[in-house]
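Novice: Under the heading D-ribulose 5-phosphate binding site, TrEMBL lists ARG31, GLU32, ASP36, ARG145, ALA146, GLY147, HIS148, THR149, GLU169. Under the heading Mg(2+) 1 binding site, TrEMBL lists GLU32. Annotated Mg(2+) 2 binding site per TrEMBL: GLU32, HIS148, in sequence order. As annotated by TrEMBL, site 'Essential for DHBP synthase activity' applies to HIS131, GLU169. Taken from TrEMBL, the feature region 'GTP cyclohydrolase II' applies to 207-422. Residues or ranges marked as domain 'GTP cyclohydrolase II' by TrEMBL: 215-389. As annotated by TrEMBL, GTP binding site applies to ARG267, MET268, HIS269, SER270, GLU271, GLN288, GLU310, GLY311, ARG312, THR333, THR368, LYS373. Look at TrEMBL and you will find CYS272, CYS283, CYS285 tagged as Zn(2+) binding site. Under the heading active site, proton acceptor, TrEMBL lists ASP345. As annotated by TrEMBL, active site, nucleophile applies to ARG347.
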Amino acid sequence: MTHSTGFATIEEALEELRAGRMIVLVDDEQRENEGDLVMAAEKVTPQAVNFMIRNACGRLCVAMSKANADRLGLELLPGVNLDPSATPFTHNFDARHGITTGISAYDRCRTIQVCADPHSGPQDLVRDKGHMDGLIARPGGVLVRAGHTEGSVDLCRLAGLREVAVICEILNEDGTMARLPDLQQFCQRHRLKLCTIADLIEYRRRREKLIKREIALQLPTEFAIFDLIVYSSLVDPEPHLALTLGGIGRETAPGVVPVQEEAVLVRMHSECLTGDALHSTKCDCGAQLTSAMKQIAEAGRGVIVYMRQEGRGIGLLNKLRAYKLQQEEGLDTVEANRRLGFAPDLRHFGIGAQILHDLGVRDIRLLTNNPRKVIGLEGYGLRIVERVPILIPPGVHNRHYLATKRDKLGHLLDVVDYEAAD
């Protein structure tokens, strides 16, 4: 065991999956703090399905890589879903042959086996009238999105098995979600191994890298002369940028970057063309970027990671469609995203975390008003030692937008007087 609390190592979890046994996978206590039963789909039996249904009591799903989903003709639901955690559901389905109603443990086992069979295709499933839900893991797995879907598929792959898993959320007897103390008791009662997504991230981070440093140069700005380091990613089409000051991220030899001993002032900034370049006053993005550059310049040391996640991850065109809905129908930013079929925030910070790690950053003073960024970084070998707020006074055109971020997205903006803005 790696922890006094009884967590199994990732190696132990992989051995369990290879042997056809289940494990329990738990995520960050600041994210959902929930656990799922996980089993390799190719090892599933009717008895295992029945155990999951009777003892975990949650939603039984088949998690799979995108390649397997494509093989089966399964696509994400429109807009993925409307949950901020963006659980990647597909349409439900049943096996086309070899089942009766589809609801029994035997029938669901058969459907799962069809999904795990590399020779199966779209013709082997009946969609939209089934009893199984599919989940499609994001390319890059837990290094991009720290969810149970990605974690279960990653574990199957690392175990040398097909990238298809059966997962089921674990509920308490009273119907509430089982949290860590409940999950520990559940594992003791059923003699199951318990492992964490954070440990899986660390396991993969030690062995894999999804980013590549492409070029480094100096960039004079009105605030300071920054080092600009450009990264490509295996999972994103556009390069990401790092603006650093104080020598952070500079190589002392090819491929050698010193680890920063002191906490670093860091801004994780998602691209906003309208705010950053066109100086739109509908949002505070450009003002936040300017403020971050000023604060880092004044400190003489820090990092801005510029992530190409336009419109909180929905892309420029969809962001502008959302703007149009806000103008014509009076919707706020969250309502407009939902009208278009998107979650309020589809950003993921795993790639940014890898960039920070590559720059030698370990301890962070994070420039943000968004607590999701804190949660999104802490599982990646980084430690948030302080959250530094960015105070942007509201204006005529963004007062409602900022209030929506505070009230509906959980941004910590209570220090700003919205009502007094004119």
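Yeah, the Cβs are placed from backbone N, Cα and C, and that goes for glycine too.
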Novice: Please report the Cα separation of GLU169 (D-ribulose 5-phosphate binding site) and HIS131 (site 'Essential for DHBP synthase activity') in Å, rounded to an integer.
Specialist: 16
Novice: If you measure C-alpha to C-alpha, which of HIS131, ALA146, CYS272, CYS283 (recorded positions) come within 10 angstroms of GLU310 (GTP binding site)?
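Specialist: Taking HIS131, ALA146, CYS272, CYS283 one by one, the ones whose Cα falls within 10 Å of GLU310 (GTP binding site) are CYS272.
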Novice: Same-chain residues six or more away whose CB lies under 8 A from the CB of HIS148 (D-ribulose 5-phosphate binding site)?
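Specialist: Expected: LEU25, ASP27, GLU34, ASP36, VAL38, ALA63, ILE167, ILE197.
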Novice: Let me check the 10 A CB neighbour count of CYS272 (Zn(2+) binding site). How many other CB atoms are there?
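Specialist: By my count, 23.
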Novice: According to DSSP, does HIS131 (site 'Essential for DHBP synthase activity') sit in a helix, a strand, or coil?
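Specialist: DSSP call for HIS131 (site 'Essential for DHBP synthase activity'): coil, neither helix nor strand.
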Novice: Near CYS285 (Zn(2+) binding site) in space, meaning Cα within 10 angstroms, which of the recorded positions do we find among HIS131, ALA146, ARG267, HIS269, GLU271, THR368?
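Specialist: Among HIS131, ALA146, ARG267, HIS269, GLU271, THR368, the ones whose Cα sits within 10 Å of that of CYS285 (Zn(2+) binding site) are HIS269, GLU271.
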Novice: Looking only at Cβ atoms, how many others are within 10 Å of the one on ASP36 (D-ribulose 5-phosphate binding site)?
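Specialist: There are 31 of them.
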